[in-house]
Amino acid sequence: MSTVQVPKLNTKDLLTLEELTKEEIISLIEFAIYLKKNKQEPLLQGKILGLIFDKHSTRTRVSFEAGMVQLGGHGMFLSGKEMQMGRGETVSDTAKVLSQYIDGIMIRTFSHADVEELAKESSIPVINGLTDDHHPCQALADLMTIYEETNTFKGIKLAYVGDGNNVCHSLLLASAKVGMHMTVATPVGYEPNEEIVKKALAIAKETGAEIEVLHDPELAVNEADFIYTDVWMSMGQEGEEEKYSLFQPYQINNELVKHAKQTYRFLHCLPAHREEEVTGKIIDGPQSIVFEQAGNRLHAQKALLVSLFKNVEEPS
């Protein structure tokens, strides 16, 4: 560990990327790149991370469990439905009890307010593994992926096309924080949350970022360095079939990407529905880096875990 220092974060928890400064984000990314090259660093020897899941997961569960093992600790899976919290115990009581047993909590659930309460009532770090409003760990991995490709955020344009969902929200805050240009194109009625857009615009004024929310996908991807999409229907929305016709013009396909830079890279948080939000030719093509992006979830989260756990041990 002589080459890279553990980032000092001015927060106990990570609930949204709004809580981190640009400098903290960059230091986390650089630390994640170090950990990617040095997988077996036992920096969390004997530490236990509780993993609370109310939503199905592949990448989040496996990357957090594998990350804790590689760091010398242990990830403990806790099904939200099987815990007493799922049978009426308050979030506050759950937070206080878990703080007696384990060293940190990662929670993947529906209500962002529940995660905020869990963090407020816990004496240990709480990480938002996804809520209906935010997906900060994904955005951190996305920034890492972009940084590995470009070694900068200055002058980089990220175009997000599709549903203005939790992933979009976290990317807006992330782009604003690091001073990147981000355009969002959604159908009318599916724009990102207005309050989150306002927050991103306010941050952008301080960092020099550009944030645009549009309805024209061609305009959004014009001269883009990175094109990003997500599924049109998030978990719990599967009955909204009428969305398909509205979203069809927002599919990432050969026609749409002609408007981006020739050297563009394609991003997707996965799971993907081929021939819906993206064609197979794009996601499986040479300019797609979605699996490198998925791999970076592991490394970005390891950097975050070490930083948050060390902050508890050595408070500033």
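All positions are counted from 1 along the displayed chain.
Using the three backbone atoms N, Cα and C, a Cβ is placed for every residue, glycine included.
The carbamoyl phosphate binding site feature in Swiss-Prot is assigned to Ser57, Thr58, Arg59, Thr60, Gln84, Arg108, His135, Pro136, Cys137, Gln138, Cys269, Leu270, Arg297; the stated evidence is sequence analysis. In sequence order, Leu270, Ala294, Arg297 are the residues of the chain that are 6 or more apart from Arg59 (carbamoyl phosphate binding site) and have a CB within less than 8 Å of its CB.
For the recorded site, Ser234 (L-ornithine binding site), the DSSP three-state label reads coil. What Swiss-Prot records for Asn166, Asp230, Ser234, Met235 is L-ornithine binding site, and it gives sequence analysis as the kind of evidence.
As a whole number, the greatest separation of Cα atoms within the carbamoyl phosphate-binding residue list Ser57, Thr58, Arg59, Thr60, Gln84, Arg108, His135, Pro136, Cys137, Gln138, Cys269, Leu270, Arg297 is 31 Å. Ranked by CA distance from Cys137 (carbamoyl phosphate binding site), the binding-site residues Asn166, Asp230, Ser234 have Asn166 at the top as the closest.
Cα proximity to Asp230 (L-ornithine binding site) (within 10 Å) is found for the following binding-site residues from Ser57, Gln84, Cys269: Cys269. By neighbour count, meaning other C-beta atoms within 10 Å, the densest spot among the binding-site residues Ser57, Gln84, Asn166, Ser234 is Asn166.
Same-chain residues at least 6 positions away in sequence with a Cβ under 8 Å from that of Cys269 (carbamoyl phosphate binding site) are, in sequence order, His135, Gln138, Asp142, Val167, Asp230, Gln293.
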